[in-house]
Amino acid sequence: MRPSSTLSLLALGSVAQAAVSLEDSSLSPREIENIERAIEARSLADDIWNDIKNAATCTACQGILVLLKGIAVFGDGAFVSVATELCKLAKVEDDDVCEGTVGLEGPIIADAIRNMDLGSDTSKLFCGSFLGLCPEPSVPQWKIPFPSPKPQTGRPAPSGKTPLKVVQYSDIHIDPLYVSGSSSNCTKPICCRPYTAADEPGKSTSPAGPNGDHKCDTPVGLEISMYQAIKNIVPDAALTLFTGDIVDHAIWNTSQPYNQKQISDAYTYMSQYLGIVYGTAGNHESNPTNAFPPRSISNSSQWVYDALSDQWTRWVGASAESEIESIGAYSTKYPNGNLRVISLNTNFYYRMNFWLYQEDIEQDPDGQIQWLVNELDAAEKAGERVYIIGHMPLGEGDAFHAGSNYLDQVVNRYSSTIAAMFFGHTHVDHFEVSYSDYNSRDASHAVMASYICPSLTPTSGMPSFRVYDVDPETFAVLDTTTYIADMTNADFQTTGPVWTKLYSAKETYGSKLNPPVTDASVELTPAFWHNVTALFESNSDVFNEYISLKSRGWNVASCTGDCKTQELCQLRAGRSENNCVVPSIGLHLNKRSDELHGHSHHRSHDHQECGMSAGMKTLGSLAVRKDLLDELESRANELKAKA
Ligand SMILES: *[C@@H]1O[C@H](CO)[C@@H](O)[C@H](O)[C@H]1NC(C)=O
Ligand SMILES: *[C@@H]1O[C@H](CO)[C@@H](O)[C@H](O)[C@H]1NC(C)=O
Ligand SMILES: *[C@@H]1O[C@H](CO)[C@@H](O)[C@H](O)[C@H]1NC(C)=O
Ligand SMILES: *[C@@H]1O[C@H](CO)[C@@H](O)[C@H](O)[C@H]1NC(C)=O
C-alpha cells in the first residue's frame, strides 16, 4: 500500500469510529474533537478520489464507506434523503424514480452499511457489487457434508419411449397499468404508461400498440395470448415450469398490496389456461424489489411466501406449504411420473438482495442448501429423477460466488439424480454447463446443464416460451424448441400476436456437431451442451446464430473478440466464480434512455433488465464523479455538526 493510502485509511478509520460512536456515544468529547480536527485537516473526498485515480480502488471504497456510514448512523431517514439527492444529481433516473426506489431500498442499504466493518469481507462484497471497486472476496471454504457417498452409476440411458412435453416460460413482468396508445418513448425503466399529459393516448407521437413494445413490460393481452398459444401448441403438455418474475419494472412504485395482487392475478390466469404449473420465487415478487431477508434478520418478506404458497399449493399440495412459507422453496413429487421438482429460492444468493450484506455473511441463509441436500438424498434413495428450478441461474454475475460454489458442490454430488436445471432472470436465451473440474472444462467433465428460458416481457427481445421433449422415464431433456411472437409481424398489434417456432436445439446446434446429434431419442446431455460451446468457439456462423437467437432476432449486436471470449466463459460456468465477470468501476450509471436497448449480452453486472436498483447506480456513481463525493462529504459533515 502506498504511504498516502495508509494515511488516508488511518484517517478513515477514525471517522468510522466517530460515525459508529456518535450512535453509542462511547467516545470521550476529547477524542471526538481530535477526530474532527483530523477530518478538517484534509478532505476525505480528495483522498478517495486520489486513491481511485491511483488504482487503489478497494482502499478508496473503504473511504466511501466511511462517508456513507457517517450518514447512515443518523438513521434511515437521513440516509434515504442524502441518497435520493445524490441519485437526482447523478441523474441515474428521473426524480420520481429516484425518490420512489431509493425510498424503498434505502433503509435496507443503510442497515447493511451501519453494521458493516471496514475492511471485512462484507465490505468488499459491497464495494464490488455497488461500486465495482473491489474484487469479490474468495469463497469461504465450506466442504458440504453429504449423508451418503456419490453412487458410481452415471446418468441413466433414455428409455426410448414416446417423449413427454414440458413447457417453460419466464419473466412475464405483467404491467396492469399499460395503456394502449400512451407513449412508448420515455426516460423511465418502462414506458407505455401515461406518466405525463403529453404521454396520454392521442397526445403522444410514439403511441404504444395494444399488444406490447420493447420499451415496456407485458400488457395483460400479450400474457393471455401466450397462455392460449401454449394451450393450442402443446395441448398435451405434461407440466409447465414458470421460473418467476411476475411484477413489472416500475420498481419505484411497487407496494405489498400491489405485488400481492399481481402474484394472485398471474397464477389465477395460469390455473385457468394450463395444467400443472411449478413456480419459483422471482426477485421482483417482493417489495421492495429484491428484498428477501433471511429469517435470522427479519420476517418482512413473510407476506411474499404466504402469497406464493396460496397460489402454488393448488399444484404442489398442502404438504409443501410449510417449506414455502418458511423459505420460499419446495420439493414436490410430479403426480404422473417418477419426477420430483425442487423449487429453490435463489434470492438468497442474489447480489441485489441487499439484506445479504450482513456482518457476518450467512453461509447458508435459512438452511436452504442443507434442506436441498436432504431432499436430493431422499430422492436418490427413492430412485426418483429431479428437476431443479429457480429464478436466477447459479453461474451468473448476479450470483454470489459463495452460494454458487456451495450449490455447485451439491449439483456435482447429485448429478446422476438431477436430470436438468431450469432458470430465467436474464431475459435472454442461453444455457450454462456445470463441471466436475472447472480447471478442465471439457465434455468429459461436464456434469449438468442449466436451461435458461428467454422472457415473455419484450424488453430484451421477442416474447418467448419453450417446449422440451423429455423422456417419460428418466425425464432427460431430448430437445428444446423455442416459440416467439414476432413483434415485427404486421398482425402483431392488429389481429394479435402469432406464436411460431423459432428454432430447436437439435436442428440448429445438434445437426452441426461432429458427430451430429439429431436422433430424437438421444439426450441433450451436459457433454452435448459443452460440445455446443466448442462448436461456437470454432464456428463463428453458428456462434452468431446463437447470439441472434439470444434476443430472438431483435436488436442483434455483433459479438466478437472479448465479447465472444466472455460469452463462452459464461456458458461454461455453472459456478459463478468461473464466469470471467469482472466488476467495472461505477458499474452502469446511465438511465434507461441513454442505454442501448437490447444490450443484454452479458455485460458484467448487467442488472438493467433483471432487477434495477437506483441505490446501486447512485452509489456506483460515487466512484466516477468527484462532485458527488464532495457532496456526500459535505452532507456527512453537516449531519455531524448538527449532532
Ligand atoms: C423520444 O423523446 C425524445 C425526448 O422527448 C425525443 O428527442 C426523441 O426524438 C423521441 N424519439 C422518438 C422515436 O420519438
Ligand atoms: C403507482 O401505482 C398505483 C397503484 O398501486 C397507480 O395507481 C399509479 O398510477 C402508479 N403510478 C405510476 C407513476 O405508474
Ligand atoms: C414477524 O416477527 C414478529 C416478531 O419478531 C412477530 O410479531 C410477527 O407476528 C411476525 N410476522 C409474521 C407475518 O410472521
Ligand atoms: C462431445 O465431443 C467429443 C469430442 O468431439 C465426443 O467424443 C463426444 O462424443 C461428444 N459428446 C456428445 C454428447 O456429443
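Using the three backbone atoms N, Cα and C, a Cβ is placed for every residue, glycine included.
Unlike curated records, TrEMBL annotations are generated automatically.
Feature annotation from TrEMBL assigns Zn(2+) 1 binding site to D171, H173, D245, H427. What TrEMBL records for D245, N283, H391, H425 is Zn(2+) 2 binding site. The disulfide bond annotation in TrEMBL covers C58-C134, C87-C98, C186-C191, C192-C216, C559-C563. Taken from TrEMBL, the feature domain 'Calcineurin-like phosphoesterase' applies to 165-428. Marked as signal peptide by TrEMBL: 1-21.
All features noted in TrEMBL, drawn onto the structure.
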residue : record                : DSSP (3 states)
C58     : disulfide bond        : helix
C87     : disulfide bond        : helix
C98     : disulfide bond        : helix
C134    : disulfide bond        : coil
D171    : Zn(2+) 1 binding site : coil
C186    : disulfide bond        : coil
C192    : disulfide bond        : coil
H391    : Zn(2+) 2 binding site : coil
C563    : disulfide bond        : helix
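D245 (Zn(2+) 1 binding site) sits 28 Å from C559 (disulfide bond), counting Cα to Cα.
Restricting the recorded positions C192, H391, H425 to those with a CA within 10 Å of the CA of D171 (Zn(2+) 1 binding site) leaves H391, H425, listed by sequence position. Other Cβ atoms within 10 Å of the Cβ of C192 (disulfide bond), summed over all protein chains shown, number 28. Within its own chain, H173 (Zn(2+) 1 binding site) has D217, T218, D245, I246, V247, D248, H249, H284, S455, L456, T457, T459 as residues 6 or more apart in sequence whose C-beta sits under 8 angstroms from its own. Spacing of C192 (disulfide bond) relative to C563 (disulfide bond) is 32 Å (Cα to Cα, whole number). C191 (disulfide bond) sits 24 Å from H391 (Zn(2+) 2 binding site), taking the C-alpha atoms as the reference points. Rounded to the nearest whole angstrom, the C-alpha distance between C98 (disulfide bond) and H427 (Zn(2+) 1 binding site) is 24. For the disulfide-bonded residues C87, C186, the largest tally of other C-beta atoms within 10 A is found at C87. If you compare Cα positions, C559 (disulfide bond) sits closest to H427 out of the binding-site residues N283, H391, H425, H427.
Note: the Cα of N283 (Zn(2+) 2 binding site) and the Cα of H427 (Zn(2+) 1 binding site) are spaced 13 Å from each other.
For H427 (Zn(2+) 1 binding site), the nearest neighbour among the listed recorded positions (C58, C186, C216, H391, C563), judged by C-alpha distance, is H391.
Looking at the domain 'Calcineurin-like phosphoesterase' (165-428) alone, the prediction's average pLDDT is 97. When the disulfide-bonded residues C134, C563 are compared by the number of other C-beta atoms lying within 10 angstroms of their own C-beta, C563 comes out lowest. Residue environment of C58 (disulfide bond) contains 18 other Cβ atoms, counted within 10 Å of its Cβ in all protein chains.
Of the listed disulfide-bonded residues C98, C191, C216, C559, the Cβ environment within 10 Å is emptiest of other Cβ atoms at C559.
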